[in-house]
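Listed in TrEMBL for this protein:
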type	residues	note
TRANSMEM	6-28	transmembrane segment
TRANSMEM	40-59	transmembrane segment
TRANSMEM	84-109	transmembrane segment
TRANSMEM	121-146	transmembrane segment
TRANSMEM	174-196	transmembrane segment
């Protein structure tokens, strides 16, 4: 048990990182667009996510009330930029890989705290869990950095008329999903390094402890 403190920390960090990964995948605020025409986008702000685009509008509702209009992306939409397609696939992979990493770490920690001293039931699972964490972290890093690059260069998206969105914003900034994804990357990579650092104690040390 005394040799697996870092791996316990890896499990905690990996859990938080995995949660942040799923949160960043689910929320729509990847890019915040500021638009000049407020005829439909009443607040002048639209949120572009990896699954849909949303904005606040006062149309089709009673005076003084507002509603959020969202349009989901389809897999057949050719206008969606490559970085959004990449984010959809890579974040799904990261979520699955992170879950496998957690499962491997839980199994190894269970054996440690139950006093099971078989090396094959502990060390390999910490190593496998570490690789899964790192792979998940890299899968999050690619779409987060790619989309952040698109935001900083104010790149446009050729939305069709049915989306009621301009092809380019007056300005845009990174939404909440970007820092959540960055935090997920840091935590997943740290948990992976902690898991990979496990060294099974020698027989003499095990008997002494």
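Note: Cβ is positioned from N, Cα and C throughout, glycine not excepted.
When Cβ-Cβ distances below 8 Å are used as the criterion, the transmembrane segment (40-59) is approached by residues 25, 27-34, 65-73, 84, 87-88, 91, 143, 157, 159, 163-165, 169, 175, 177 of the same chain, each at least six residues removed from its ends.
The list of residues near the transmembrane segment (6-28) in space but at least 6 beyond its ends in sequence, with Cβ under 8 angstroms from a Cβ of it, reads 47-54, 70, 87, 91-92, 94-95, 98-99, 101-102, 105-106, 108-109, 112, 126, 129-130, 133, 136-137, 140, 144, 175-178, 180-181, 183-188, 190-192, 194-195, 197-198.
Sequence-distant contacts of the transmembrane segment (174-196), counting only residues of its own chain at least 6 positions beyond either end whose CB sits under 8 Å from a CB of the stretch, comprise 6-7, 9-14, 16-18, 20-21, 23-25, 27-32, 47-50, 94, 98, 101, 105, 126-127, 129-134, 136-137, 140-141, 143-144, 147-148, 151-152. Sequence-remote contacts of a segment are chain residues at least 6 beyond its ends whose Cβ falls under 8 Å from one of its Cβ atoms, and for the transmembrane segment (121-146) they are 4, 7, 10, 14, 17-18, 21, 24, 50, 83, 86-87, 90-91, 93-95, 97-98, 100-105, 107-108, 111-112, 178, 181-182, 184-189, 191-196, 198-200.
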